[in-house]
Amino acid sequence: MLPIVVSILLATPLALCQAPFWMPNMQQFSFLTETDFRNALLLPTTNTRRVRSLYHDMRIPFQRFKRGGGVAVAAEKDKWPNGRVPYILSAAYTSAQRAVLARAFDTYAKRTCIRFVPKSPADKDYIVIQKLDGCYADFSRVGGRQQVSLADECIDYATIIHELMHVIGFIHEHQREDRDSYVSILYQNVIQGANTDFDKLSNLGLSYYGEHYDYSSIMHYEANEGSRNGKNTIEAKNSHFTAIMGKASDFSTSDLRRVNRAYKCSIFAF
């Protein structure tokens, strides 16, 4: 079933429409349409694994480190109220790409209480999804306009739901404070300048809602993510899990429990 917000969209196609007067910079932006959500239902459910490297894909404002608090997700004040995330979407995406985006939005709506909804004139905090320079997103609700970059190489279902997890406040699994009990980081193999993407985020005061470290999380890097020489940058303490890390094509059960607990999604069992 389509998210409730879809039914209130304009009946005319929006992919190439001029932005309403309240959209920033009068650029070409749009929203997903009912057609996009119908097309999403026609997409194959196989071969959805991400194909693009994701190191350096999360941006955390400096003040967030000083404030602390959070949930492996952000502090309460940095969450999106009632799980509602207003968005505007670049009109540069093709109909096929919009269908993949719609599938990601619809999955959040069906399996959590997170709703990505068209930005209204009253919404001051919102995300802008554009084709910029790779795949990345601002961490949690930062206030005002915030960026989600999904370039052409990022338009696969797994990458999109991963980046949207950053938007609602979730960090990478290998950056948990307790990660040293589960994985080893091989900094000697990490691309120069990317060490911070492998550091623990121990000063954010994160909580994990009772969920153990999850090698199958959609938020986990692959073993050779961000490698400068093709060798592993992350290895599981139990070598069996090294081949599993970063191979997720969808949310893990633990991912969904964390989202639903963090946002108090009472209609979902968690």
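Yeah, the Cβs are placed from backbone N, Cα and C, and that goes for glycine too.
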Original post:
Can you tell which of C113, C135 Swiss-Prot lists as bonded to C265 through a disulfide?
Top reply: C113
**OP:** In Swiss-Prot, C154 sits in a disulfide bond; tell me which of C17, C135 is on the other end.
**Re:** C135
Subject >> Neighbour tally for E163 (active site), based on other Cβ positions within 10 Å of its Cβ >> reply: 24
Original post:
Among the disulfide-bonded residues listed here, C135, C154, C265, whose Cβ has the fewest other Cβ atoms inside 10 Å?
Top reply: C265
**OP:** Could you please provide the mean pLDDT value for the domain 'Peptidase M12A' (71-266)?
**Re:** 93
**OP:** Find, among the binding-site residues listed as H162, H166, the one whose Cβ has the highest number of other Cβ atoms within 10 Å in the structure shown.
**Re:** H162
Subject >> Cα-to-Cα gap, C135 (disulfide bond) vs E163 (active site), nearest whole Å >> reply: 8
**OP:** Between H162 (Zn(2+) binding site) and C265 (disulfide bond), find the distance joining the two CA atoms and give it rounded to the nearest Å.
**Re:** 19
